[in-house]
Amino acid sequence: MAAKGSSTGRKTTKSPAVKKTGSKSTKTTAAKTTAKKANTTKNTKSAPKRETTRMPESRERFGDSILDEVILIVIIVISAVVFISQITSKMGVVGQVIGGLFQGLLGISGVLLPVLVIIYCIWMLMSEERKWSLVRAFGGALFLLTVASAAYLFHPLNVSGDLGFAKKAMELFDSGSLTNGGLIGGLFGGGLFGLLDALGSVIVLLAMLVISIILATGRSFFGAMGTLADHQKVRRQVRNEKIKNKADRIRQEEKMEAARLEKQEAKRRRVMNKEDFNIELHEVEATEHPEVKETVFRQKKQDYSVKKREPIYDFVKENEMPMEEPKWDFNVVFGGKLQVDELEQGTQMPPKSTERFKVVEPLKEVAKKQEPVEMTEEEAVYEKIFGEDNTVENMAEETPEEAWDMESRAAALAAEAMRAAEEKTDFHFADLEDAEETASPEMDMPEVEEPMAEEEMPVEEVQPVAEEMPTDVPAAEPAKPEAQKETAQQPAAAPAEPAEKPYVFPPISLLGRDPGNSSGSGILEQQKNGRKLEMTLKSFGVEARVINVSAGPTVTRYEVSPSQGVKVSKIVNLADDIALNLAASGIRIEAPIPGKAAVGIEVPNKETKSVYLRTVLESDAFRKHPSKLAFALGEDITGNPIVTDIAKMPHLLIAGATGSGKSVCINTLITSILYKADPKEVKLLLVDPKVVELSVYNGIPHLLIPVVTDPKKASAALNWAVREMLERYNDFAACGVRDIKGFNAMKEEKGEPEAKMPQIVIIIDELADLMMAAPGEVEDSICRLAQMARAAGMHLIIATQRPSVDVITGVIKANIPSRLAFAVSSGIDSRTILDMVGAEKLLGKGDMLFYPSGQAKPSRIQGAFVTDKEVEQIVDFLRKSSRPGYTQEMVDQITAVAKTASGPSEETDEFFEQAVDLILEKEKASVSMLQRQFRIGYNRAARLMDELERRGLVGPEEGSKPRKVLITRAQWEEMQSPTEENA
Ligand SMILES: Nc1ncnc2c1ncn2[C@@H]1O[C@H](COP(=O)(O)OP(=O)(O)OP(=O)(O)O)[C@@H](O)[C@H]1O
């Protein structure tokens, strides 16, 4: 079909030429009887000539017409006749003549000649390349000559040497047959043999054979050899590929099998966990927010773990953190004396838990083994607070100068003992006694076991029994009941007697120790990911090398150095593709890493690791930090502890979606202060409109006033803070100093250390709630504090889960330079907090971007983790060892401020009269004008405008135009006068 089609096509293209030729021959030859035939003949003959100009493509092709095909068929038939005539005598006389002629001339080659011709013609018919080739014909002839000569050499004819050439030739011709080379073979082969003998002749003939084949086929001999080699190479490659694929398949199957097994194992573990945990719907004890409910996973009630208030955190954490079970309690309380069997006997620990209470070497001995280290004065003090050798024995050996320490630590130990007993029995000593009065350094340790033995009884029964035998408990003399929780909930009613009592730093053992078993990404995984990263970038045309890898607790950073001419933005744009190739949940790209000629690609670890607050607090960075406001933030991307100074920030904005880790961060901040600063040096003002987050701190000595939960009071507290700040400025001016440092240094010099000013940290957990309640006042106070409080030693920490512009207003943002962003839901939120995207890529659970003032770019940090339970323990300890620092007087003072602060805003805004003056002066009114003029928030300005409208002073809203002022100054004065008269 194709051949037919092409032949039709060819005919169509050829027709004009045919026509032209026809007209030309008509002109030259007058009488043409068979014009068509003549035309056709002429056409075939003259075609090559014409086609040089008109149809160059068809000139090269033989067989474009049917006639060509006919010619080829005729040639094939003639060749067949020649061939048959030579192999049989049945072709008659003609056959005999033809046979004799060909065999006489060529011998065996006479048979090969028609065969070759037939093959060639068939090839011509089949092939697309239809052109006669002289070279091929020559190659064929050479081949026949070679064969004939070879036949002569192998089968020489016996020709008499005496004959002349003509006779000799006749004889060769006559004796030509299928077994020899005939006349031509005899002449050429004979000549060759005569000249080169047998070997030389064979070599020449072989050479001729190769040349003839090359010429006839048109294929290069060496090319063919090369192709053969290539074919073999390709075949080998294919075979290798197949083997590789098979290996890959097997590996894949193995992987899938491993994944399946892992899944099964995980399922099994989940089932086991489910058996261990009950799901309870826990209603938080906040009566003001009865709708607040959380689903928590709690360990099944065990006789030793029943407690009224359980911390709320997810069960994974509970599993991960062995500190939940007070291994360290026993170290500290019993100084390593208590043995496992005693414990088991006394506490009825379940077998799983007792593993953790292994025999602990007495700490004193451990201390002895340690090499004496030279300590600075500060470290020595620190060691007293943080060291684990604060056992009773050690305390007994202490000098009288350290008596305060002994006393306070005795209180601490008593508190520990009580807490341990409480944990075991659900019995709260706080309900019965005053820990301070009963603390005694000479505690009789074994007695401690007795209340624990009560554990064997059902929990319900423990309480009455405990009440009946208070003397059984070492630090449990009957005392006036002091309801600590009531203190927490009704702070104003907690008058604190001003008792001069030194602050006892909470022991570090109250915080859980890092078990150190979980790891970040392994080295192998890092190498694999590094290679994948390079390959991925390469596949997108980015030449880059991974030059360094830093593995942090939750993410691993690959430092990629791009080649010359690669745009950094190109790598940044590939973030999603890289995440896809590394099968990562999401990656963040830091381009470039500040101070390095590399781009940081942060990939989440498959296994994340919690950063324990204790680890950071025990680090030199925290211990040796000179500031009392050192904040143990967490660990950076390389796993180094990060400690920052709140005093330098000087104010901090913390924002992040719900559940991202803000509250834990605030807890670590407060805990850092509790471990670093005496209440005389640092005071806290905690504002918690959410009620549940910070109320736990009620009763600690650092608090200026009890935790403020009422938004109205919060705004009053901020007003108080502003006044305090201004008073401090007055004091500075009076003393001729510039800031709190100068003031305190001066007082120290004068020998009046008690007159020193404490630094104040104001912490607001959830700004959004405050902004809703009293937007204008809160914004005003925050701004004034943020602008001026630094020198006065007052610092603001503001947290919010709503990073929107109506909460974090431009004014607030402009005045709070340091930012801490936790995971947020969108790039827009990230921009609101950090002025750049990135926080939306964070992983949650304490993964944060810390952007302090003065730093070029935010740095990624995994926040330290402190559990609610640990916080409770620390607070319990502080409550028992010291008194709250606030007085009723102070609380009353703030309440009074609250009244005045809420007074005018409830009725008429304090700016009302000034607003009237302003609109009368400008003869127009708009909310933005009021905002600008009085520096108040939108809500307050809008309320002011509503009030103006209600009183008929301004007209209604007119879209974007300012409102009309409906009265004149004279009218307003008239309106005012009767009021004044009444007044
Ligand atoms: N640094 C951390 N390390 C490990 N896990 C953490 C860390 N911070 C928080 N988490 C986990 O995240 C959970 C939620 O944290 P947190 O309560 O602080 O969130 P939040 O941002 O305060 O939420 P909300 O705004 O709703 O109060 C915690 O219960 C804890 O399991």
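Using N, Cα and C of the backbone, Cβ positions are placed for all residues, glycine too.
Small disclaimer: the values here were computed from a predicted structure and weren't measured.
If you check TrEMBL, you get these features:
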type	residues	note
BINDING	G656, A657, T658, G659, S660, G661, K662, S663	ATP binding site
COMPBIAS	1-10	compositional bias 'Polar residues'
COMPBIAS	19-46	compositional bias 'Low complexity'
COMPBIAS	48-58	compositional bias 'Basic and acidic residues'
COMPBIAS	436-459	compositional bias 'Acidic residues'
COMPBIAS	460-478	compositional bias 'Low complexity'
COMPBIAS	486-497	compositional bias 'Low complexity'
DOMAIN	639-831	domain 'FtsK'
REGION	1-58	region 'Disordered'
REGION	436-524	region 'Disordered'
TRANSMEM	70-89	transmembrane segment
TRANSMEM	101-125	transmembrane segment
TRANSMEM	137-157	transmembrane segment
TRANSMEM	177-196	transmembrane segment
TRANSMEM	203-222	transmembrane segment
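In sequence order, Q801, F822, A823, G844 are the same-chain residues whose CB sits within 8 A of the CB centroid of G656, A657, T658, G659, S660, G661, K662, S663, the residues recorded for ATP being left out. Annotation: stretch 137-157 has the most Cβ pairs under 8 Å to the transmembrane segment (203-222), among 70-89, 101-125, 137-157, 177-196.
Long-range neighbours of the transmembrane segment (137-157) within the same chain, counting only residues 6 or more positions beyond its ends whose Cβ lies under 8 Å from a Cβ of the stretch, are 106-109, 112-113, 116, 120, 171-172, 175, 179-182, 184-186, 188-190, 192-193, 198, 201-202, 205, 208-209, 211-217.
Taking Cβ pairs closer than 8 Å, the transmembrane segment (177-196) reaches residues 86-87, 103-111, 145, 147-153, 155-157, 159, 169, 203-205 in its own chain, all 6 or more past its ends. Note on the binding-site residues G656, G659, G661: the fewest other CB atoms within 10 A surround the CB of G659. Reduced to three states, the DSSP call for S660 (ATP binding site) is coil.
Mean predicted confidence for the domain 'FtsK' (639-831): the pLDDT average there is 87. All protein chains included, S660 (ATP binding site) registers 26 other Cβ atoms within 10 Å of its own Cβ. Taking Cβ-Cβ distances under 8 Å and a sequence gap of 6 or more within the same chain, the neighbours of S663 (ATP binding site) are E693, D765, A799.
For T658 (ATP binding site), the same-chain residues that are 6 or more apart in sequence and have a Cβ closer than 8 Å to its Cβ are Q801.
Just so you know, of the binding-site residues A657, K662, the Cβ with the fewest other Cβ atoms around it within 10 Å is the one at A657.
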